[in-house]
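Peer 1: Dumping the structure here so I can ask a few things about it.
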């Protein structure tokens, strides 16, 4: 539908306290006043809806090298450098590795404080998480929030009733602050407040971890949504709708860290934000959303933690608390938080038709159309559902079916998951879900005209129509060393939110083909090649295209570097020999190592580069020096050079000191005497010394 010029939306709020109002937005919706009716254990899913199968978890990027990038050597604190090296596994920075780095750092502080050098090291890491290595968008976000600051750092809650001041990290921070910031961003221990207030109702919760998988075998399903004792229907109905229409969006919003913690992606005004949660749930997952898997409860918990940096529900309550999300909100916030849609629509039923608004990601009205007919809007909603856009109903009235079960609930948000062409009715699901003895219909059908007459609101996102492939893991900048075969994979870089198969193409940034030395296998996602000595760097544009023709691209650099020279890792000690006797010693195999792992060849000269003296030989294959030392003795400077297959070299020097033989020393003594040994001049040669030199030694 096309809309005319924008118009401010002025409408009343209902079923909420006055201080919940947000003037430019439609009504805030709570769940129900009958909270006790919602205290049920997980129930079997109704047959009216079908779970969509999500994409498999994306494989991690494989870096071109497992050698730590050069910036790691700039980390001044030895313990931090050691932990950072360990955090890089096959070129990928791991959450467990960074968590260990930070917990080790906090432990090492004891009663001391974070030094300026340590803080500078953390900033070096944060600035280089995608330089020479690959780090997920989630881990990049949370580590930067930990080190460089974030609005959520103002307070620490940790599951206590009240929050306390925390503050951004800085030099001089104590171990407790480092530990709590680590808990907030990497360990998921900054749990929402145990005190929950909803209207005039106040109660407490305690956190424990149920033994449940992140997703059930069928992947995320709308039947995983069974709202509990929390007024967040606006968010859970959005979760149900997205799980039904776009299950891979739900799958991709979670990062399983493999240690009982999860990264969760939520959007604010089109920008991705991330929080870390652990697997502990309020009252073990029995009081709020309850299901046979974790994802919806973790999303609920993550949404509560997100409010630590400010209210983002359509309500005005903020803080790391279930109270912040449990006092009603606006479904448009829930949809945007889950999908990141940058174009949304709202339709308000009136006596003269439907008034439509188009919104951007900041919820500003960009277009407006009044007096739309039922048939016009119905055609659009059918198209939206077919395109996998998410559609939410904000009910303004109560209704019951012929069996006496409640269908529409005033002040409640519900999912519109389909259209029945046989009946001409919209298919609705209540986020209360299913439970034994329930007094409501989990799914039902209703006419659009019924909703219009009641003054209801319908919210629609653009998740389906805008669901081109999504870049979920930016490929890190790569480096090819001239002459060295190198490869890296882009597996898992993109996902398609609707599960369509992806094909890939790669070009240079100017649109031309990749250079001959760089090959791309579109079937496996593997780049490989050997850069020649004449090669230079290239900027690669990788494009993912789904079977519907929608595309997404990423750009990354492939640098070409001269081979790193072999490194001197074990200096050869100075050697000694005796004149007239055999000389034999070898250069150890670990004297030099090559950063590229290339084979090394060896050569030897005198220290000044001239050939070895005739009496000394060097076997390059065995790295063995041999020969017979001269009787005159002396000190010889030797130089050993190691050269890799790419022609890069390094060398070491050491001395070979040859002690003079006995005969040579006698000759030296005699030649030093004035007039010779039998000169009539006063003798200066010690005859005893001469005899001692000539005497045999045993």
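Cβ atoms here come from the backbone N, Cα and C positions, even for glycine.
Bear in mind that TrEMBL entries carry predicted annotations, made automatically and left uncurated.
Small disclaimer: the values here were computed from a predicted structure and weren't measured.
Relevant sequence annotations retrieved from TrEMBL are reproduced here:
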ACT_SITE  233  active site
ACT_SITE  412  active site
ACT_SITE  430  active site
DOMAIN    184-457  domain 'Calpain catalytic'
Peer 1: Tell me the Cα distance separating residue 430 (active site) from residue 233 (active site), rounded to the nearest angstrom.
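Peer 2: Between the alpha carbons of residue 233 (active site) and residue 430 (active site) there are 9 Å.
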Peer 1: Could you tally the C-beta atoms, other than its own, that fall within 10 angstroms of the C-beta of residue 412 (active site)?
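Peer 2: 28, counting other Cβ atoms within 10 Å of residue 412 (active site).
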Peer 1: Restricting to the chain of residue 430 (active site) and a gap of 6 or more, list residues whose Cβ falls under 8 Å of its Cβ, or answer none.
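Peer 2: The list for residue 430 (active site) reads 407, 409, 412, 414, 440, 441, 442, 443, 444, given in order along the sequence.
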Peer 1: Within 10 Å of the Cβ of residue 233 (active site), how many other Cβ atoms are there?
Peer 2: 31
Peer 1: Under a three-state reading of DSSP, tell me whether residue 233 (active site) is helix, strand or coil.
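Peer 2: In three-state terms, residue 233 (active site) counts as helix.
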Peer 1: Going by DSSP, is residue 412 (active site) sitting in a helix, a strand, or coil?
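Peer 2: SS state of residue 412 (active site) = strand.
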Peer 1: What average pLDDT does the predicted model assign to the domain 'Calpain catalytic' (184-457)?
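Peer 2: Mean pLDDT, the domain 'Calpain catalytic' (184-457): 95.
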